[in-house]
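Notes follow the structure.
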């Protein structure tokens, strides 16, 4: 998946346009993919937010997307 596709999806998740994905934004995006629990969101944040600042940067998102191409293909179909 190309960086342009990662950027497109990232911007869909980053609903307030501040350049990072918060836990609340991640939860809203995951709800579009199906049912999601608060524990699911917490686990995803812990996995993707590698610097531990409580937000997902574009770099963190891209690294996760590159490591999980199958999942990102499914996400791209929805977004």
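Positions of Cβ are set from backbone N, Cα and C atoms, glycine also.
According to Swiss-Prot, the features are:
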DOMAIN    1-36  domain 'EF-hand 1'
BINDING   14, 16, 18, 20, 25  Ca(2+) 1 binding site
DOMAIN    39-71  domain 'EF-hand 2'
BINDING   49, 51, 53, 55, 60  Ca(2+) 2 binding site
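Shown here: features listed in Swiss-Prot, placed on the structure.
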residue	record	DSSP class
14	Ca(2+) 1 binding site	coil
20	Ca(2+) 1 binding site	strand
25	Ca(2+) 1 binding site	helix
49	Ca(2+) 2 binding site	coil
55	Ca(2+) 2 binding site	strand
60	Ca(2+) 2 binding site	helix
Taking the centroid of the Cβ atoms of 49, 51, 53, 55, 60 as the Ca(2+) 2 site, which other residues of that chain lie with their Cβ within 8 Å of it, listed in sequence order?
20, 48, 50, 52, 54, 56, 57
Inter-residue C-alpha distance, residue 51 (Ca(2+) 2 binding site) and residue 16 (Ca(2+) 1 binding site) (nearest angstrom):
21
Chain-mates of 14, 16, 18, 20, 25 with C-beta within 8 Å of site centroid, Ca(2+) 1:
13, 15, 17, 19, 21, 22, 55
Given the binding-site residues 14, 51, which one's Cβ is surrounded by the fewest other Cβ atoms within 10 Å?
51
Which residues of the chain, 6 or more past the ends of the domain 'EF-hand 1' (1-36), have a CB below 8 A from one of its CBs?
42, 44-45, 54-58, 61-62, 65-66, 69, 72-76, 78-79
Taking only the binding-site residues 14, 16, 18, 20, 25, which one has a CA atom nearest to the CA atom of residue 53 (Ca(2+) 2 binding site)?
20
Specify the nearest of the binding-site residues 49, 55, 60 to residue 20 (Ca(2+) 1 binding site), where nearness means the distance between Cα atoms.
55
Here's one to test understanding: among the binding-site residues 49, 55, 60, whose C-alpha is closest in space to the C-alpha of residue 25 (Ca(2+) 1 binding site)?
55
Segment-level pLDDT (mean, integer) for the domain 'EF-hand 2' (39-71):
94
What Cα-Cα separation, expressed in whole Å, is found between residue 16 (Ca(2+) 1 binding site) and residue 60 (Ca(2+) 2 binding site)?
18
What is the number of other Cβ atoms found within 10 Å of the Cβ of residue 16 (Ca(2+) 1 binding site)?
10
Minimum Cα separation from residue 18 (Ca(2+) 1 binding site), reported as the residue among binding-site residues 49, 55, 60 that achieves it:
55
